[in-house]
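Taken from Swiss-Prot, the feature domain 'tr-type G' applies to 8-290. The GTP binding site feature in Swiss-Prot is assigned to 17-24, 88-92, 142-145.
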Amino acid sequence: MVRATPIHRYRNIGIMAHIDAGKTTTSERILFYAGVCHQMGEVHDGAAVMDWMEQEQERGITITSAATTVFWSGMDKSMPQHRFNIIDTPGHVDFTIEVERSLRVLDGAVFVLCAVGGVQPQSETVWRQANKYFVPRMAFVNKMDRTGANFDKVVEQLKARLGAYPVPMQVPIGAEDGFEGVIDLLKMKAIHWDAASQGTVFEYRDIPIELVDKASKARAFMVEAAAEATEELMDKYLNEGELKEQEILEGLRERTLKVEIIPVFCGSAFKNKGVQAMLDGVIHLLPSPADRPPVQGLDEKGNECRCKASDSEPFSALAFKIMTDPFVGSLTFFRVYSGVLNSGDQVYNSVKLKKERVGRILQMHSNQRDEIKEVRAGDIAAAVGLKDVTTGDTLCDQNHIITLERMIFPEPVISMAVEPKTKSDQEKMGMALGRLAQEDPSFRVKTDEESGQTIISGMGELHLDIIVDRMRREFNVEANVGKPQVAYRETIRKSDVKSDYKHVKQSGGKGQYGHVVIEISPMSDVDKQHPDVKGDFLFINEITGGVIPKEFISPIEKGLRETITSGPLAGFPVVGVKVKLVFGSYHDVDSSEMAFKLAASMAFKQGFAKANPVLLEPIMKVEIVSPEDYLGDIMGDVSRRRGVLQGQDDSLSGKVINAMIPLGEMFGYATSLRSMTQGRATFAMEFDHYEEAPTNIADTVIKKT
């Protein structure tokens, strides 16, 4: 079969933003103008197509990355048809995992910002994630019709707060109630959208006289930014003082793909203004899969290799999301990097080392689905029938094995106990939690060995609320939840602590004998770069002369790794520790793997107790936005919560207070802030780092355990 759309006309893009920037509304307008939806859904009505989960429609926020495909031929239908695979990502900090995994498989992103709120804390988090994957992006300043909208201020914030180099492609005509349209700086024409036709009809007009000077200056800045792309363009610009429209686009595109500049568009998605012009910008300025560097991976022998975005290359794809669909079962969302896959084909999972058959391939449109026969390089689709795939696995041709770079997911910072309300729900709850954990790598489930309780862990209170909510709605499991618990960690402060333990048991017949001598130290910065570091723990074998036979080294390491999952201090995981195995002895008859495993475990527990053990607590980066009247109360409250103020800023929404506050002090903060400020302040927080807990806090936590 011939490819329907050439790969250079593909755009795999994410729509990303801070919560409430109007991201889902922008996505809805894209679907409407591209002819996918024949009526518009509004987030506040709970009718948005991209927000398809019940919780999303109730809460008016986006939780999962909905994927959809649309076609676009330009605002005036003058361009060849382009295929957009769009992923709408959540803006709430508890769901950054969804943003992370989407960015991993996208080629470009549209960063939606609120013209009133500007750059918010979550904007910074998303921006950092996009930088990590070197994703070219452009900005859309939305909500230009809102009271307090200020395009220039937001452009300034992109520079000051995100370190970006914004290049406005448009100048707004008016703002707030007087927002009428935009000036296209390429054509130097004003664009007005017709309200009666919901923005489907538009016209070019002359620039209003009062904005000619502003538009000319903005255009000169844009042309200069384009000219800096190449020496040829710069020479032409210096000699002639101007560039042609096509040359400007080529220069801006080249610099956008190198993530040197951020083209900025503006509009009001809700008022149907500016979205189509932004889509034209996606075609002109964001990359196709062929424009991105070949994706890197490792072949069977562990050598580096690359996948070129071409149908003629062997098949390779990355599974970036697993989802349970009530009608077809488990769905595996994947991005094809090279080659072609037909439904019914066999694929090789190079992470699990297993072959699997793809039953059906579905093109997803939010939660609706169309069955398709094949996918090609650059496509994003969902497969039915894959049983053992998890997020981040590579699917490839079994004759050309490759493992693409895996995704790294954050460790949960909050836990709570959960138990079914009835005996009959016990089994159902286990199955439901297993399914949800398979879908969401930042959500963990474990059973507490002592109490037998089921403990769920995640990225924040909202994250776990929604998990419990989904259990009830999707799996009919009613559950009681305990109070949130902080995910503390344990470590040591003393270096080179020696611990010698001999495990000997003689009870007639074959005995048990294992003897190890270890040295325990905190990991240094150099240690952290060591290739053998696994999960913030480093084991180094320094045994010489066969004092412990080789076959017992692995059980020793295993014994240590099992012990650090529940630290000797208070049962929390141990982090940042290096253990050297320096000496030991064995018995020809009585030594066994189990004996050495036990000896290693006991040696570690004894050594840990002597190495000045300390408890670490998670510290959250908190940003509070409030009217000035309440600053004194808020700062006093931050200090009472053991917070450290990091500084203050002015924003379009009020005063911004930045602070580092222990997570243990933040439970119920939303309610407290609301009552302190009559509901006029907002806050956002994200995990920043672990820090040693003060002695009184550590003592309280240890006593409780």
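Using the three backbone atoms N, Cα and C, a Cβ is placed for every residue, glycine included.
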Completion exercise
For Met144 (GTP binding site), the nonlocal same-chain Cβ neighbours (under 8 Å, six or more residues apart) come out as Ala115, Phe151, Pro172, Ala175, Phe179, Cys266, Gly267, Ser268, Lys273, Gly274
Handout entry: Densest Cβ neighbourhood among Ala17, Asp20 (binding-site residues), 10 Å radius
Key = Ala17
Practice task
Summarise the model confidence on the domain 'tr-type G' (8-290) as a single mean pLDDT, whole number.
Solution key: 84
Practice task
Please report the DSSP secondary structure of Ala17 (GTP binding site), reduced to three states.
Solution key: strand
